[in-house]
């Protein structure tokens, strides 16, 4: 990332009194360039996810090293559901603000807000809100998780709310691990002439990536933002193959980082369509790692998530999405599970909007 500005705010974030351990807040800004966007000029969701993770990694690593003791780097463990509230375009400036909102003994919660600014008109808008969880890993022993310096809360209620979020994400991570046995065979140069349009097999896609030094932290393990950007690229290919229009990322369900990925590993990022509504597509993405360069071992599941995309016209208006054609019992089961997630999210969004309409 080539930041135009990176600063630490002079005041503590909301809810944290002055003098709290660790940095108050940070903001990183960068102008969006053509290589950040798709052919329609919309910035890739993966580019924004990468910026979000970089800001989270900076502030959480600073905080975890704010007291004397063993030095560490904060490693990304989970990203909660992230909605892309408004598209960002080439020439816009992205302002990414991050603050620490909760700490447990071994983890840090970072909340990030992204605003886009049109520097010609001065207009600004919120594009993303995200919550990330990090764990501090020792610089000398990557398998050693260190303790996190506590933050001071303005009141007991704020601390209890943070603890509730912490317990919820722990439970959801355990539930996600149950899906990790699901196999998605990589599809390299598939014979699409033999696959029916709008089927899972027609749009399913894979990407192979060799992890190099520029992808990694000082530990020699992949940055979470690099992985998320690759996942978004694969999900975008699946979505574009399905509807053959301009597509943009609408949201990302919780991204769980199950295992670390070491430099020299070969990643297989695989994506498949699981569900379509009238105007959205859900794509399941897995990241499998083959760490065969230094310490050969069996391929393992490193990351998993669900991405939601929408189809847009040349004018940027939402288009109807061709309905997914399911052919097997497994595809039908995944479709119903995706439908359940879609309806739950829709109900939650309506419940959040109701108090606003009553004001």
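Cβ coordinates come from backbone N, Cα and C, glycine included.
Per TrEMBL, these features apply:
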REGION    1-24  region 'Disordered'
DOMAIN    22-140  domain 'HotDog ACOT-type'
ACT_SITE  38  active site
DOMAIN    201-315  domain 'HotDog ACOT-type'
ACT_SITE  232  active site
REGION    330-359  region 'Disordered'
COMPBIAS  330-340  compositional bias 'Basic and acidic residues'
**Request:** May I ask for the distance between residue 232 (active site) and residue 38 (active site), taken between their Cα atoms and rounded to an integer number of Å?
**Result:** 12
**Asked** In the domain 'HotDog ACOT-type' (201-315), how many residues does DSSP put in helix, strand and coil?
**Response** 26 helix, 54 strand, 35 coil
**DSSP-assigned states of the compositional bias 'Basic and acidic residues' (330-340) in counts, ordered helix, strand, coil** = 11 helix, 0 strand, 0 coil
